[in-house]
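The structure appears below as structure tokens.
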Amino acid sequence: MPANTMNEDLKRERQRCSFDPKELTYLLDGGEEKTEERRQREKFFLDDPELSETAPSDYLSHKEKYEHAVKKACIVFKKVQQLQAQGKAGMQNFREVLGGQLGSAILRDGNPLGLHYVMFIPTIMGQGTIEQQAEWISKAWNLEIIGTYAQTELGHGTFIRGLETTATYDPATEEFVLNSPTLTSYKWWPGGLGHTANYAVVVAQLYSQGICHGIHPFIVQLRDEETHLPMPGFENVRIPWNYMLMKNGKVLKDGSYVKSPSSKLTYGTMIFVRVVIVQDAANYLRKAVTIATRYSAVRHQSHIKESAPEPQILDFVTQQHKLFPQLATYFALHYSGAWLWDMYNNVTSELESGELDRLPELHALACCLKAVSAADAAQGIETCRLACGGHGYMSCSSLPITYGLVTAMVTYEGENTVLLLQTARYLMKAWQNCLDGQPLTPSVQYLNSVRRSFGGVYHKSVPWIIASMQRIAAGKIETAHRHMNDKIKRGVNSEDAWNETSIELVAASEAHCKAFIVETYYNSVQQIVPSVSQQLGKALTELCELYAVNTLLKNIGDLLRYSNVTTGDLENLQRWLEELLAAIRPNAVGIVDGFDINDAIIASPLGAYDGNVYERLFAEVSKSPLNAKPVNESFHKYLKPLLKSKM
Ligand SMILES: CCCCCCCC/C=C\CCCCCC(=O)SCCNC(=O)CCNC(=O)[C@H](O)C(C)(C)COP(=O)(O)OP(=O)(O)OC[C@H]1O[C@@H](n2cnc3c(N)ncnc32)[C@H](O)[C@@H]1OP(=O)(O)O
Ligand SMILES: Cc1cc2nc3c(=O)[nH]c(=O)nc-3n(C[C@H](O)[C@H](O)[C@H](O)COP(=O)(O)OP(=O)(O)OC[C@H]3O[C@@H](n4cnc5c(N)ncnc54)[C@H](O)[C@@H]3O)c2cc1C
């Protein structure tokens with residue numbers, strides 16, 4: 001590939017952009033200094049020859065992939081320690097390096113230490129007493145031990161009250177006896193459990209004095225610290241009394257049980273990871289949309305006008321409609337995720353001082369935001385893949401693997417439907433409170449005002465869209481609530497009525513979440529615009545408007561059902577959408593440049609900064625071991641005899 005050549009289309013795109021992409025980069029990083037620190041950090045890892053790929057891991061066996069990942073995870077860990085020693089990395093950077101887009105670029109096939117950092121350490125911090133934290137955290141932090149989070153069993157993942165593993169307290173020896181007596185009680189799925197971890201937080205049903213007290217977390221050693229040989233399996237395994245994490249519920253040495261202020265505090269790590277997922281989903285989406293946008297600016301095909309040369313595929317309005325909403329969705333999830341992170345930190349410090357009031361609202365928001373961000377990012381990444389035609393299907397495009405990582409988010413840490421039903425539980429109570437004139441928490445305040453009006457007159461503004469989406473959400477909440485209560489009045493018991501209404505409950509929850517995201521995104525942009533250049537402010541406003549208009553248009557049926565919108569209003573909305581696509585078009589490449597994702601993290605011949613798509617694609621496929629020899633052995637072994645036999 002010729003060195004330092006830049007694709008001519010991308011050059012032109014960059015000249016057309018109305019704002020300076022650097023300004024967007026600084027905004028997203030939190031300032032020029034932060035951008036510089038991030039770039040230095042990325043360079044520190046990506047320039048390390050031991051971490052850079054000599055050949056794509058696609059061509060390795062499963063076993064080789066695992067060994068390769070462990071090797072790299074260890075190098076990364078040592079490098080993080082070096083940064084920490086220099087005061088250049090804290091917990092947040094740890095997550096970025098090991099779990100964020102940098103981590104996923106270095107450890108393309110998964111991080112064997114991921115669960116150690118994302119769940120094992122946070123569980124000890126959130127559920128352990130001060131003494132237990134003192135005992136375990138530094139060991140875990142320094143990687144003297146490697147942990148995982150073993151909750152899910154072969155038979156139960158969602159319904160954790162149904163877990164079968166037991167931990168029975170024996171006061172005679174001051175030990176817990178752990179047991180997984182059936183096939184369905186075997187721990188199944190925990191990341192790193194098979195070969196990497198030597199300790200786990202095991203979630204088990206606590207029994208003491210003959211009474212079951214529900215699920216609680218226990219630290220269990222899985223492998224010998226020296227030989228790494230597995231400890232005896234989960235049949236009557238004894239662990240010391242103080243290996244039960246006892247910040248919340250406790251067992252005293254005599255076996256008496258002291259209840260937690262809320263049994264749901266045991267579920268705290270799950271809330272933490274759901275909050276983290278919102279940001280991670282957004283970041284994976286921005287990587288995919290960077291690839292697809294740059295590719296679409298470089299790729300020419302077909303005609304808009306027969307007389308003109310083949311256009312960039314980005315000039316097809318349908319292509320813009322595939323990609324620009326994904327750009328906007330990134331920002332929407334980014335700002336909603338930041339909002340949720342702040343709420344999580346505030347509520348967590350309130351919990352520390354015994355205030356539990358805001359926990360249900362945090363749980364309700366974390367559940368629906370995790371579900372919607374995982375689903376929308378997965379769908380958005382798949383749209384980006386489709387937008388790249390055949391080349392998007394290639395593994396080296398990085399789009400299939402990115403989709404694979406994000407679609408897993410739909411299932412893990414609470415399956416999406418299940419989480420949306422948790423939010424629906426909260427919304428049903430909120431609606432009842434609304435009917436009873438009881439106070440409402442901030443995120444459902446809108447139910448009160450929307451209840452009083454069927455809809456305002458259309459005006460071309462995001463506040464009108466927010467009000468419309470709130471009307472849809474309130475309408476769906478009211479409908480589900482009414483249908484469920486009608487069933488109960490007809491004699492259906494409340495649990496069956498819930499199940500029979502659950503399609504509407506899930507839809508209500510999604511609508512509530514979408515209204516929340518649009519409002520949070522809009523409020524964030526309103527706050528930012530006065531502090532940035534007029535050009536960037538305009539670009540950010542257009543993206544926010546696009547997210548709002550596009551989301552509303554995807555819900556036309558609901559809009560017609562729950563508001564007094566006219567068909568003329570819908571035509572106006574469609575025109576507005578098309579105007580926004582045209583307005584964003586000149587800035588599309590500038591926006592993804594503003595994301596400032598290093599080429600090594602992009603890891604796709606379709607999406608590199610220089611736009612040398614075809615040269616890079618060719619170089620990539622040349623790496624396949626299959627292409628090393630002109631004739632593969634299978635020809636002589638199988639094809640040739642078959643061809644001969646036909647002669
Ligand atoms: C630093 C380095 C980073 C490296 C990163 C590497 C990358 C890592 C990559 C991947 C990580 C992968 C992580 C995946 C790990 C996992 O998946 S771990 C397993 C997660 N499992 C789940 O999430 C299970 C889902 N199920 C549940 O959460 C619950 O069982 C349930 C909520 C569905 C039901 O629980 P149940 O006890 O039956 O509750 P209910 O009866 O339905 O409700 C009772 C009330 O409790 C409230 N509630 C439920 N959950 C919570 C909570 N978390 N907090 C607060 N309150 C909660 C619920 O609303 C009910 O309240 P009311 O009675 O008032 O209505
Ligand atoms: C990549 C990956 C990594 C994971 N890592 C870990 C880990 O490190 N540690 C760990 O403990 N676990 C881990 N898990 C397990 C994960 O948390 C569970 O798979 C997840 O919580 C879903 O539970 P399940 O598999 O039991 O699904 P199920 O609950 O069996 O879901 C199957 C279907 O049933 C439906 N369903 C279930 N219950 C209800 C309900 N109440 N109402 C309506 N529909 C319902 C669901 O919507 C879904 O459609 C991981 C899973 C994956 C995929």
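Every residue, even glycine, has its Cβ placed from backbone N, Cα and C.
Now, the feature entries from TrEMBL:
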- 20-146: domain 'Acyl-coenzyme A oxidase N-terminal' (DOMAIN)
- Thr152, Gly191: FAD binding site (BINDING)
- 267-428: domain 'Acyl-CoA oxidase C-alpha1' (DOMAIN)
- Glu413: active site, proton acceptor (ACT_SITE)
- 465-644: domain 'Acyl-CoA oxidase C-terminal' (DOMAIN)
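A separation of roughly 10 Å, to the nearest angstrom, links the Cα atoms of Thr152 (FAD binding site) and the residue listed as 'active site, proton acceptor'. Helix, strand and coil residue tallies for the domain 'Acyl-coenzyme A oxidase N-terminal' (20-146), in that order: 92 helix, 0 strand, 35 coil [DSSP]. With the fewest other C-beta atoms within 10 Å around its C-beta, Thr152 stands out among the recorded positions Thr152, Glu413. Applying an 8 A CB threshold to same-chain residues 6+ apart, the list for Gly191 (FAD binding site) reads Gly110, Pro112, Gly114, Leu115, Thr148, Tyr149.
In the three-state DSSP scheme, the residue listed as 'active site, proton acceptor' falls into the coil class. Taken residue by residue with DSSP, Thr152 (FAD binding site) is part of neither helix nor strand, so it is coil.
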